[in-house]
């Protein structure tokens, strides 16, 4: 319903309200003017305002609801290029070059911190991960193999490391290809935890955190949904095993060169000065080597010399000789000649902890804290630099390039091109974690949409498998077939997942689920940490513990939980789509206690548990608290969280304008060409956009 034309001429004069009330409202609603005479007989035009009609117009006008997923406008607040003098233009050019160099530097340290973070996780949990693999009795259970893959990859923060352990076990006949496929699926899930951790660093701003966390967890949901469909299918038909075996047998693969280490060439000179690990120890623990359990993962000697010589050795009896011709007796001793391997250490490594006497766990914790600190600092600086660079026309060009589809007949090809771009970029950096983690802050600041980030992430999954295939081709002859078949299983698993969850638009469930989780995490930011711990640590550990108890226990506990989850999903679907077919009591979740269908009571509980920190800071401290709120988001355990909550409440407090000036605001906006009803919500009182500071 359009607003009445009389509102355009409205003035904040109370007398006109009085004249309108004393006159007989005999005119039609479409005409607001009535001609009468005053005492002198001169005709006077009176303006009649009909408050009832104007109120109805304000109430019935639909309110434009802002979509939280719309990309923000990155406006240029600086001086325009045309308004700068020669000195200002030169200074602007040097500032741009300096920002670009700083951006590359912070991106370099960001990637290096991810590498050190992986090493830290391996020091803390690498031996535990090896012991997970050493228990071969439960790996015949596909569900147990899946959660082992998740736990090991989360602990070592590298799907490449867990895949190499699996390849070694398959080549040594400790594990069959059929039992290794669920572990590969679990490794695919575990590798997505890195960019989810990176998204937590953007919790300071709700809008940025909503987009960043959704962009990170779209990878999680794709992996979980793919496993949910493909793991039972593989257990029933073994299609991945049959398909990869057919490919390996058909094509006569030969040993080739190793995959080109493009990014490692740049980062290794720096990361090797911090820490170097002997990853063979984890493999030896997985192979049930008892001597390896006491070895340290920290690499001490980087240059060694191995020499094989023939030496005379004593043996208990002539039967232990290498050959009868090389066996002789000298009194009470029997001698023979054997090849003895002698290993000589030549040069030590040059990293920081080479001469340290600290245990592996202590070194891992130190590196974990330091790498997280550097990761957080680099991410904050990258976001700030991108926010200052991506302004004005530069932002428009980048956003159009990344988010615009092809013309109409070929619009569907845009997503598939994005998949190829994601695969190519991941092949260059040789790590899906690095690529998706670098993309997460771009999603947060609004340069890339979730819909465009989804195919890029799928391409990243493909890219990391092609790197594994090249690495498998470089394997020695005895492990070539097994390593290549494992790498192809990983490749076809991701291809199958893409065919399930991408080609048809309504099957792109990961996008909708990630947006829902992003909305929840933006409102209750503690839920993001709960999601991370619950789905990547507690659930896999619980399933692993039940698997140790036996298959009947796992089915007896897991089947009722799965049935309840399916019942909730079906009921939620019916409530949203077909509520009339349900009984009145089941049309909403109000029949349950509030804590069972709402996070608000849990939020209040967490606030109460951390209430000792909710204290007002002095003025001097509040300056620091503002910076803390902007950078880290101030979790409830932080001393500044009270100030953060106070600041948010103050910014959300509107100031109501007096009623006498409502029509003045309407007339001003009508002159500007913007109807008041498009701005205000459906209320009888008009509120100004000012906020209390």
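One-based numbering along the chain as shown.
Each Cβ is built from the backbone N, Cα and C atoms, and glycine gets one as well.
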TrEMBL annotation of transmembrane segment - which of the ranges 452-475, 524-547, 596-619 it falls on: 524-547
Segment assigned the feature transmembrane segment in TrEMBL (from 119-137, 138-156, 157-175): 138-156
Among 90-111, 138-156, 361-387, 553-574, stretch most in contact with the transmembrane segment (524-547) (C-beta, under 8 angstroms): 138-156
Candidate ranges 138-156, 361-387, 553-574 - greatest C-beta contact count to the transmembrane segment (90-111) (under 8 angstroms): 361-387
